[in-house]
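Undergrad: So TrEMBL lists the following for this protein:
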BINDING   Glu69, Asp87, Ile89, Asp210  Mg(2+) 1 binding site
BINDING   Asp90  Mg(2+) 2 binding site
Amino acid sequence: MDQIDRRHSLIKSWLHEAADLLRESFNKELEIKEKTSRTDLVTNMDREIEVFLYEKITAHFPDERILGEESIGHDIQDLDGIVWIIDPIDGTLNFIKQRANFAIMIGIYEDGVGHLGYIYDVVRDELYFAIRHNGAYCNDRRLPTVEELPLSEGLVAISNRLVVSDAGEARRIAKNSSGLRVNGSAGLETAWVASGKLVAYIAPSLAPWDIAAGLVIAEEVGLVYRQVTGEKINLLQNNAVIVANRYAFQEIKNEWQ
Ligand code: 2AM
Ligand code: CA
Ligand code: CA
Ligand code: CA
């Protein structure tokens with residue numbers, strides 16, 4: 001991938017502009033619509049941020065394709081060439097209910113390989129990003145390679161959907177950890193595993209835009225980010241995922257047997 005430095009400074013400036021739009025929206029009424037259920041919501045701001053990013057990307061990189069959650073981008077059936085995978089607001093329910101604990105996410109892939117990943121926690125002003133082979137950062141701080149902590153020595157985040165399901169995995173994994181956290185933003189939970197705040201994150205059905213940015217960051221800090229079966233992530237479908245250090249990944253995977 002060419003022009004990495006130019007891409008990086010453009011993306012950072014777009015994220016800050018998009019964050020200003022979100023902060024301004026805190027003082028206005030949101031338009032909220034149901035997508036597939038009463039817990040699967042979209043707001044006017046999800047669409048506005050996706051349109052904002054779409055216009056910036058197409059103005060600067062007209063030959064590159066865009067896959068976004070709110071379907072403003074292209075119809076993507078393969079990952080050939082350069083594909084931007086964007087989630088304008090990850091943690092929409094938190095955005096609506098808490099005005100916090102959500103992130104803007106961008107991943108850039110070339111022929112299926114992740115080169116750049118951005119997870120911007122707007123309210124904490126924490127930008128987690130990674131450049132392939134050049135490390136991962138939280139703002140200006142380089143994130144070290146993750147420690148191989150066992151599950152018993154760390155906090156584990158599990159998605160709400162798995163926690164409330166009848167399957168026993170979530171309960172067993174939570175019991176074996178230092179404690180369970182259910183934060184509601186796949187992106188932030190991944191960023192917090194990458195920065196050592198959590199030992200693992202587990203979710204039974206993440207879409208490509210929930211995964212793309214975090215996968216690039218995970219790779220740069222030595223995390224395993226795979227399907228619960230151990231197979232590689234497929235960015236053209238939904239995936240049941242575990243994000244963890246190598247040791248904890250194996251412990252969690254064993255709970256699925
Ligand atoms: P979203 O806020 O961008 O929709 C919530 O546990 C996390 O799972 C969020 O990161 C949320 O992303 C994601 N998620 C994926 N599919 C979802 C769905 N069908 N309903 C709610 N959240 C979903
Ligand atoms: Ca959504
Ligand atoms: Ca999401
Ligand atoms: Ca979203």
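Every residue gets a Cβ built from N, Cα and C, even glycine.
Can you tell me where each of these features sits in the structure?
TA: Long-range C-beta contacts of Asp87 (Mg(2+) 1 binding site), restricted to its own chain and to partners at least six residues apart, with a cutoff below 8 Å, comprise Gly68, Glu69, Ala103, Ile104, Met105, Gly187, Trp209, Asp210, Ala212, Ala213.
The Cβ of Asp90 (Mg(2+) 2 binding site) lies under 8 Å from the Cβ of Phe102, Ala103, Ile104, Met105, Ile119, Ser185, Ala186, Gly187, Leu188, Trp209, Asp210, each of which sits 6+ residues away along the same chain.
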Undergrad: Quick test of your reading of the structure: among the binding-site residues Asp87, Ile89, Asp90, whose CB sits under 6 A from ligand 3?
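TA: What lies within reach of ligand 3, judged by Cβ under 6 Å, is Asp87, Asp90.
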Undergrad: List the residues of the same chain that sit at least 6 positions away from Ile89 (Mg(2+) 1 binding site) in sequence and have their Cβ under 8 Å from its Cβ, in sequence order, or write 'none'.
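TA: Leu22, Thr43, Met45, Asp46, Ile49, Phe95, Phe102, Ala103, Ile104 - these are the non-local Cβ neighbours of Ile89 (Mg(2+) 1 binding site), listed in sequence order.
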Undergrad: Quick one: give me the count of other CB atoms within 10 A of the CB of Asp210 (Mg(2+) 1 binding site).
TA: 24
